[in-house]
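For reference, the structure is listed below as structure tokens.
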Amino acid sequence: MNATIAAIATAPGEAGIGIVRLSGEKSLEILDHIFMPTKGNSIKEYQSRRLTHGKIIDPKTKQVVDEVLVTYMKAPFTYTAEDVVEIDCHGGIVPVRKILELVLRCGARMAEPGEFTKRAFLNGRMDLSQAEAVMDLISAKTDKSFDVAFGQLEGSLSKQVKKITDTLLEMMANITVNIDYPDEDIEEITYQELLKGANHIKKDIEQLLRSAYTGKIIKEGLNTVIIGKPNVGKSSLMNALLKESRAIVTEVPGTTRDIIEEFLSIQGIPLKIIDTAGIRETEDLVERIGVERSKEFFNKGDLVIFIVNASESLTEEDKKIIELLQNRKTIVLMNKTDLPIVLEEEEIKNLLPNKKIIKISIVEEKGLKELEDTIVDMVYGGQIKQKEASFITNVRHKDTLEKAKMSIEEGIDAIKQELALDFIEVDVKNTWEYLGEITGDTVGEDVIDQIFSKFCLGK
Amino acid sequence: MLEKFKAENYDVVVIGAGHAGCEAALSSARMGCSTLLLSINLDSIAMMPCNPSIGGTGKGHLVREIDALGGEMGLNIDKTFIQSRMLNTAKGPAVHSLRAQADKQLYHIEMKKVLENNVNLDIKQGEVIELVIENDIVVGVVLSTGAVYGSKAVILTTGTYLGGKIFIGGVNYESGPNGLASSKELPKNLKNIGLKLRRFKTGTPARVDQKTLDFSKMEEQPGDERIVPFSFMNDHLEKKQVPCWLTYTNENTHEIIKENIHRSALYGGEIEGTGPRYCPSIEDKIVRFSDKNRHQLFIEPEGLNTNEMYVQGMSTSLPEDVQVRFYRSIPGLENSKIMRPAYAIEYDCIDPLQLKLTLECKDIKYLFSAGQFNGSSGYEEAAAQGLIAGINAALKIQGKESFILDRSEAYIGVLIDDLVTKGTNEPYRMMTSRAEYRLVLRQDNADLRLTQKGYQIGLVKEDRYQKFLEKKDNIEKEMKRLKETCVTPSMANEFLEKMNTATIKSGVSIYDLLKRPQITYEDLKEIDENRPNVQLEVVEQCQVQIKYEGYIGKQLKQISQFKKLEMRKLDMDIDYSKIDGLRIEARQKLNELKPLSVGQASRISGVSPADISVLLVYLEQQRRKRGDRDE
């Protein structure tokens, strides 16, 4: 019996259809929770391998998420040799992500990279030579997940989760010491204290979850690089998009010395905006480091936003950037249209054919809406493709956070009912374990270490 | 040059007759192996050189499990206890823990009697100085007298005797526990045959003379009114109990200790061994928790025929003159006389990572070990391992499949898996928090978890097994009756109102009513009209299973997840260095530890979840190559 897994089978952002795939014995049961067929009563009455039309409905809010076609494929004659369900929905990030979130909430687990293939192999659907390829895939993943883990270790998400797990650990130590050392001279922990602690933890998890929705913790959004010569308004644009002051914006060229990253979501699409220091040749060592990194980030970007100053003619630096942009997905912003316009749109069109050009005044907040709409169109139109793995990471974290929240809520219930400490500890520990999946920690000696460092015990 | 002579042959030779050795010898003999139990001194069989009690949190669970499998510890403490308490009763059933004060002399006498009268078992006084090894297989032992005993298996249960060294302040000397001779030759031999040894340390407080104590200044701690036996075989026990006494240290005590801290063997640096964190010496407590202005201590009787009292909480390695001074600073101990001073003891033990889950040594076949020698601490931990080592030695000789309990089946499983998979850096003590599935591993259901297994391997005898089947049957019957007995609103609502719980609108089963936290089985008697006379143990089981159904269900689900990886067995001869995709550290660790299952592999420090994925794929590849698709 394996857990039922789910993943988006198509690359997000692509036009046409998106597919969410489930595999495992609960696939049909999960589908039943969220799917309302157009004809007939229940999906369970439908035959294997037949397309069924209907709607995906959020069981909590009763809202229609998307109109879809679903296929149920009965084990063992499927790719994974398990029950498989495929949900064909409208393409683009929003519907597929919503549906994926729903199936995860209904009991599926996010699939690991390559897990469908791994299951296919383990269930005897592949031969040995194909298996070797799977092995490569998994070992490749080892390195990759190491990178990801490493990256997140430094990240703010991990730091915030760590703060919560530390509080949980303390709570567990307090409970455990009461259980394991009943004869010692230790104050009994009260239900009020427990409730206060648990409520606090719940609040922290909820806060993290909220920020997951607004995009603050989404480390791996669509990589969007803002580029342009110094003082053209890169940082101002970023601030305008974020509607808060994050980068230092001044009149001295090259003030934004380092790369600044921010995360935001535009109509549900997670963006990681990278404000670069510009790529001007410079004598200043600190700034030169910034410039080197700009180029690096520039090369990694999924989308480039290039800003020119509409109140001056193009400089050498602008032209250098234009050369780099030929084969990139680019939106050109002609900024400072509040000043007398010197630069003609035609000139840019000639240099950068087929690129979207938007006239904008960041100071007067003109043209920002058009920029947002353009980005959304490009994503839905499939012009920009996001790298898949990064997207998964986010959903998985959210999924884990939801489960942690559920556990602590069960713990709060147990505390309110004044159940015995050992039951409460089960929920607290489960919460800890879910969060540990994000930071990569496991329970074990930690609690015991904590007990012995905090309490004086012994014969 | 020692003149050797050939003595008898046995199936199993057990070296050391402490709590591990006794269980090991009894289980192997009871499973049909001719067994020899050797002890440096026959008057120290089943000796309790430290605290005079059996059980406690986690440990009580172990005793219940030993009993459920057909071991002796539970029966022996039931014969010899002088006070009994169920701890943690204010908490959930999973952490209720039984603890009994023992009459130490009596405990020794009764255990010796059982050993002496057990068929297939011989007891002999003698010091083993050498193991006889041929082709990495142990085939016998050599005694200091020159006697050579042949054996098919050997079990090392040497406690703190190996290279034992006692410290009392600046004084130190070679000695086993409690003034007994230490074993000096055997550790040298064990090193020679390739075992990795290390030094651990433990300690014990002083014993004081009862007639020099003023109990009016202490708080009395009596035993429970209703005595719960340790052994499943005992239904009711009636006995006159003796109290323990509670008192506290004070600032004056702490001053005396601080002034003399430089004279402590622990702080003076003479001790090289690692001591356990959970029983720190009093000087340790005062240094580490300097903000605490008092520490509690219990004065516990060592038996009915002695004046000696154990001072729990006051283990120390300070010199005797300092001990006298600070003991006398404590209320009730002002005129106390020390009969045996406190000491710290250092001893040789092995790194348990060298063992399999059967407690057999990986490198030397048929050599088993248990107890403090494996890096644990405590009588109960020792006995549990002794039992498992004895069982597995017998099974191996008889060519039968080995006996391993996993972490979801028993505290014994947790204990042994922790030791041999994770290793330990201090003497290992059982705690309920070490068990992931403790709601299922309760002391009240040890028999239900394990007696069937004990019967299958032949250790549980017919009388116990029949009694067990009867209880199991009674539980099933009563559960069924509770489900089928329904009450109507007119029958129940008055009662429910009285109990401050919601009334019912239609018929409800007693089973469902029992789920409500406000109502106990006893309460329900009022409306459960034709209730038969049910044994207390049966009631307890039904009540726990019904009331905590939800939480127990959660753990059962986790257990079924856990079991999946435990079922994926790994061959001992896999060369992990040749598996592509494993990280270097994982390859090294796996080759070193040779885990038995993928589950065990996943608990080794340094093996990541990604490594486990790689292992699973590797296993599948191997299976395909062999072509046996239906494994």
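The backbone N, Cα and C atoms fix where each Cβ goes, glycine too.
Feature annotation from TrEMBL assigns (6S)-5-formyl-5,6,7,8-tetrahydrofolate binding site to A:R21, A:E86, A:R125, A:K459. Residues annotated as domain 'TrmE-type G' in TrEMBL: A:221-380. Per TrEMBL, K(+) binding site is recorded for A:N231, A:T250, A:V252, A:T255. The annotation GTP binding site is assigned in TrEMBL to A:231-236, A:250-256, A:275-278. Here TrEMBL flags A:S235, A:T256 as Mg(2+) binding site.
TrEMBL feature annotations superimposed on the structure.
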| residue | record | DSSP class |
| --- | --- | --- |
| A:R21 | (6S)-5-formyl-5,6,7,8-tetrahydrofolate binding site | strand |
| A:E86 | (6S)-5-formyl-5,6,7,8-tetrahydrofolate binding site | strand |
| A:R125 | (6S)-5-formyl-5,6,7,8-tetrahydrofolate binding site | coil |
| A:N231 | K(+) binding site | coil |
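Nothing from the binding-site residues A:N231, A:K234, A:S235 places its Cα within 10 Å of the Cα belonging to A:R21 ((6S)-5-formyl-5,6,7,8-tetrahydrofolate binding site). One residue stands out among the binding-site residues A:R21, A:R125, A:K234 for having the most other Cβ atoms within 10 Å of its Cβ: A:K234. Burial estimate for the binding-site residues (A:N231, A:S235): highest at A:S235, by number of other CB atoms within 10 Å. A:E86 ((6S)-5-formyl-5,6,7,8-tetrahydrofolate binding site) counts 21 other C-beta atoms within 10 Å of its own C-beta, drawing on all protein chains shown. Note on the domain 'TrmE-type G' (A:221-380): its mean pLDDT in the predicted model is 73. Each residue contributes its Cα atom, and for A:N231 (K(+) binding site) and A:E86 ((6S)-5-formyl-5,6,7,8-tetrahydrofolate binding site) these two points are 50 Å apart. Separating the Cα atoms of A:R125 ((6S)-5-formyl-5,6,7,8-tetrahydrofolate binding site) and A:K234 (GTP binding site) is a whole-number distance of 53 Å. A:S235 (Mg(2+) binding site) sits 43 Å from A:E86 ((6S)-5-formyl-5,6,7,8-tetrahydrofolate binding site), counting Cα to Cα. You'll find the Cα of A:K234 (GTP binding site) roughly 43 Å from the Cα of A:E86 ((6S)-5-formyl-5,6,7,8-tetrahydrofolate binding site).
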